[in-house]
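A quick write-up on the structure given underneath.
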Amino acid sequence: MSSLARGISRRRTEVATQVEAAPTGLRPNAVVGVRLAALADQVGAALAEGPAQRAVTEDRTVTGVTLRAQDVSPGDLFAALTGSTTHGARHVGDAIARGAVAVLTDPAGVAEIAGRAAVPVLVHPAPRGVLGGLAATVYGHPSERLTVIGITGTSGKTTTTYLVEAGLRAAGRVAGLIGTIGIRVGGADLPSALTTPEAPTLQAMLAAMVERGVDTVVMEVSSHALALGRVDGTRFAVGAFTNLSRDHLDFHPSMADYFEAKASLFDPDSALRARTAVVCIDDDAGRAMAARAADAITVSAADRPAHWRATDVAPTDAGGQQFTAIDPAGVGHHIGIRLPGRYNVANCLVALAILDTVGVSPEQAVPGLREIRVPGRLEQIDRGQGFLALVDYAHKPEALRSVLTTLAHPDRRLAVVFGAGGDRDPGKRAPMGRIAAQLADLVVVTDDNPRDEDPTAIRREILAGAAEVGGDAQVVEIADRRDAIRHAVAWARPGDVVLIAGKGHETGQRGGGRVRPFDDRVELAAALEALERRA
């Protein structure tokens with residue numbers, strides 16, 4: 001096996017483990033439960049031999065499912081899966097002590113348990129592959145009682161989910177949202193460690209949303225979620241595709257594999273296929289996805305023939321933009337959003353097409369769309385300084401290019417502070433350096449989330465890409481992210497733009513085996529306030 005293949009295999013295992021995942025957080029209050037024997041029959045799991053196994057299986061009722069022993073509630077089935085450093089079966093004792101009534105594991109897990117479990121143990125050769133459907137059964141197939149909208153793509157998922165949720169709420173719908181920034185149920189926020197939660201957590205969340213009166217859920221669907229079965233057991237009313245560019249090649253062996261993971265939400269032969277597809281066709285991948293899907297509703301903000309199009313795009317004095325959305329009937333709708341950038345016109349068009357599909361007209365959605373701001377997405381930090389200061393989540397080449405292109409203007413200077421994540425696709429680093437040096441006047445290369453990699457080596461790769469440009473940009477290396485932000489702020493003159501890119505809404509910096517509190521928005525605000533005090 002090549003080093004690249006070994007790295008991808010290791011990353012898949014690490015992602016599957018999710019040792020950093022947050023607690024479950026949201027569960028239904030009332031679950032009827034399912035007999036363990038029926039669940040075993042459903043997924044084709046065998047009963048492992050051991051004390052008290054066969055006699056009690058028929059009498060066991062499962063009322064919850066979890067992957068984490070510390071999240072077990074009485075009545076749960078504990079799914080003990082393979083991890084990057086340990087097998088979940090090692091935590092079976094803790095799970096049982098917390099009330100687990102059964103265990104689902106693989107043959108390696110059975111060997112680890114070695115007949116020591118005082119509850120029935122179901123064994124399956126690939127338990128992760130059946131976990132989503134099993135959890136959906138335990139929680140009463142909640143997605144069948146909701147309108148579930150799944151949004152996938154490299155960039156724009158978070159913004160589009162926020163736009164859709166805003167449109168739903170403006171139309172009087174009770175909406176749920178699941179994504180990178182967190183989970184929202186009827187306006188109440190919960191944190192999230194994953195773009196798309198693990199299958200048992202997702203099904204529990206959906207069931208809890210049903211209990212709370214939610215009628216429509218909009219969620220981000222990552223390629224990891226599709227490849228690892230996190231959305232198995234979920235019925236999607238609408239699947240939407242935003243775009244595709246280089247990302248996650250530490251997990252996917254190729255861009256083709258990355259595309260195919262996304263395509264499982266649209267392919268007519270896929271068990272995950274959404275009933276209706278909405279596809280932005282402004283890149284090659286979008287056009288290929290529209291061809292793959294059956295009767296896709298197409299969207300274009302780039303003057304391509306599509307069901308939904310944008311015309312008369314113009315910036316507003318408040319820093320947003322307005323445009324006319326042309327619907328499939330050829331009717332124009334005046335739309336205003338507080339988000340800059342042509343890519344956000346595309347995101348808004350995707351949202352409008354989704355909303356129309358689920359019965360919300362543009363006119364109903366407009367009051368919500370025009371007020372929405374997305375945390376950490378071109379989020380403006382204003383402390384009275386004479387220049388524009390922004391924080392954005394752009395952490396991949398095309399996202400960085402899009403944001404810098406939006407902000408660049410011949411009459412003002414542009415500074416960008418960014419790094420690259422460790423233990424992630426290293427092939428993104430040099431291209432990001434090149435893009436920054438091509439489009440910005442000041443490039444400050446700093447640390448992002450180095451994780452377990454040497455941060456100096458990461459910065460070196462970015463700097464090598466920037467050096468290839470050989471232009472007029474000033475390129476500096478400042479390892480400490482706080483100092484890097486302060487440097488860019490001190491450099492800025494009235495009318496300039498300072499962008500802090502890569503971490504967006506995140507509130508911690510991962511490196512050296514720990515997470516330290518760090519929020520780009522807080523640090524940028526502090527730097528601006530210090531600047532004003534000195535003035």
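Count begins at 1; order follows the chain as displayed.
Yeah, the Cβs are placed from backbone N, Cα and C, and that goes for glycine too.
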Same meso-2,6-diaminopimelate site per Swiss-Prot - residue from ARG424, ARG482, ARG486, ARG533 joining ASP448, ASN449, PRO450, ARG451, GLY502, GLU506: ARG424
Cα-Cα distance linking GLY502 (meso-2,6-diaminopimelate binding site) and GLY156 (ATP binding site), given in Å to the nearest integer: 14
By Cα-Cα distance, the member of recorded positions GLY153, THR158, LYS262 nearest GLY502 (meso-2,6-diaminopimelate binding site): THR158
Listed in sequence order, residues with CB under 8 A of PRO450 (meso-2,6-diaminopimelate binding site) and six or more positions away: GLY419, GLY421, GLY422, ILE458, ARG510, GLY511, GLY512
Sequence-distant neighbours of THR159 (ATP binding site) in its chain (C-beta under 8 A, six or more apart): LEU339, ASN344, ASN347, VAL374, ARG377
Between THR154 (ATP binding site) and GLU506 (meso-2,6-diaminopimelate binding site), the C-alpha gap once rounded to whole angstrom: 18
Residues ARG424, ASP448, ASN449, PRO450, ARG451, GLY502, GLU506 [recorded meso-2,6-diaminopimelate binders]: greatest CA to CA distance in Å: 17
Closest of GLY153, SER155, LYS157, LYS262 to ASP448 (meso-2,6-diaminopimelate binding site), Cα positions, recorded positions only: SER155
